[in-house]
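Taken from Swiss-Prot, the feature substrate binding site covers His189, Met190, Thr191, Ser234, Ala235, Ser236, Tyr276, Tyr277, Asn319.
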Amino acid sequence: MRFDVEEFKKRAREDFEHAWHEGPSVLTPAGVSGRYPRLRYTRATPHPIFEIVQRLRETYLAMGFDEAMNPLIVEESDIYRQFGPEAMAVLDRVFYLGGLPRPNVGIARKQLDEIEAILGRAVSPGTEEKLRETLHGYKKGTIDGDELTHELAAVLEADDAAVVHILDAVFPEFRELAPESSRNTLRSHMTSGWFLTLSSLWEKRHLPIRLFSVDRCFRREQEEGPTRLMAYHSASCVVAGEDVTLEEGKAISEALLSAFGFTEFRFQPDEKRSKYYMPETQTEVYARHPVLGWVEVATFGIYSPSALAEYGIGVPVMNLGLGVERLAMIAYQSNDIRQLTHPQFFPQEISDREVAGAVHLREEPRTVAGKRMAEAIRATAAEHATAPGPCAFTAWKGEIAGREVEVIVEEPESNTKLCGPACANEVFVHDGSVLGVPDIEKWATVRQEGVSTGITYLDAVSSLAAARIEEAARCGEEAHVQVKMSKLPSDVNLRIEEYAMRHITDHNKKVDLRGPVFLTVRSVIPEQPTR
């Protein structure tokens, strides 16, 4: 908090050592919620696939490749041009685009009667004609589907809800529509787009042309599995020029993949022979990873002149492609691409550190004075914890809400101590469980291997007492706070965030914050408030 600079200058000149020791008095008490591990600076987490995409983009750009965006929608005829007789087998793996046809809706007397019944009024001849024109415009495509309801509402002078009812009840043609496929497909591999792009560029740029694209592709797999997705990312590049050879693929593989920690490379002919590549050029790239050893990471080859000729491309083209998800699996050492791509649909793992940060106090004082009161209660109770009852100790005196308040920690009964044995218990998270444990040999493993929340039972109860006293003082009342046996987190003023609690129960872990606390705190307010 702010402090008086001149005052501290004066104190330092008069008694430097005393002024130095008073330094902490200018600090605002953090309170339990302001302590680590609840207080932390966090970095937002990028999605692993998009992180690899970004690294690939940066690497390609650093290698001198220009970025391109290839067409995502490819006509069926282009597949035949690229694959030749193999096209039929390839088309079995592509998604065709379809849509709902626009019905030819007629308006007879029967439909008009039903519309009038819904509207509760007659439809004039002029409105009838406009209604026909609107439906005809929708059929012809001059009115979009998402505008139809609004346009009909304007014609009929009715609200959208009535129009939706009319469309559903009067025109069953809309409900009976079935999708119809077109001859357009979603790109199943980046090569389909490269032919289209290069056919427009190869005579308009200086050769060699070096382009890359990291983008979505779609493949109609029979089912998705640990290594296969229907929607995936391809990181692909092309080099087009008069003197392009297969050696380009080897050099690019090393330059690109060395950025991901691969150190050695091996190239071998691919047993699969795609017809858009020249014979004997389709090559698999294996790279040595320092942790995983030799893994297959990419494929390259030189496009067949027969396929290039279909697009009027008159120079050799080398193409290299790799699956981004495959590279991400290697980088993150994952064994299921589905979990890496869509982690939200799989069980979430939460570390002990994260669970510890999810343990909070239910009630805390709000003011600086209240926080100092909580610290004083804790310190006084800890200092006199073993004092035999009956006993009472003044923990704090100060002003709250314009009133002088005295806070007393006490034990009114005989044959007991000021604090129960569990007051010194500290809350740890160990192997997913939240445990309140004392500092004894039995719990040494938990205290050494677990993650501390930085909260003891005494911390939590002291904050509870300070919060209640603070609130009572605002109302001009005294407070009496007593905590006896703890069985639940709420008994010692603790709460665990819902997501962490769900993780604990889902994994059959436990929350054990039991123990005899037995601490009593009360406040005393003089009759007259301070002025």
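Here the Cβ of each residue, glycine as well, is placed from N, Cα and C on the backbone.
Packing around Thr191 (substrate binding site) is summarised by its Cβ count: 25 other Cβ atoms lie within 10 angstroms of its Cβ, all protein chains included. In three-state terms derived from DSSP, His189 (substrate binding site) belongs to neither a helical nor a strand segment and is classed as coil. Cβ neighbour density within 10 Å is lowest for His189 among the binding-site residues His189, Ala235, Tyr276, Asn319. When every Cα pair among His189, Met190, Thr191, Ser234, Ala235, Ser236, Tyr276, Tyr277, Asn319 is compared, the largest distance found for this substrate site is 18 Å.
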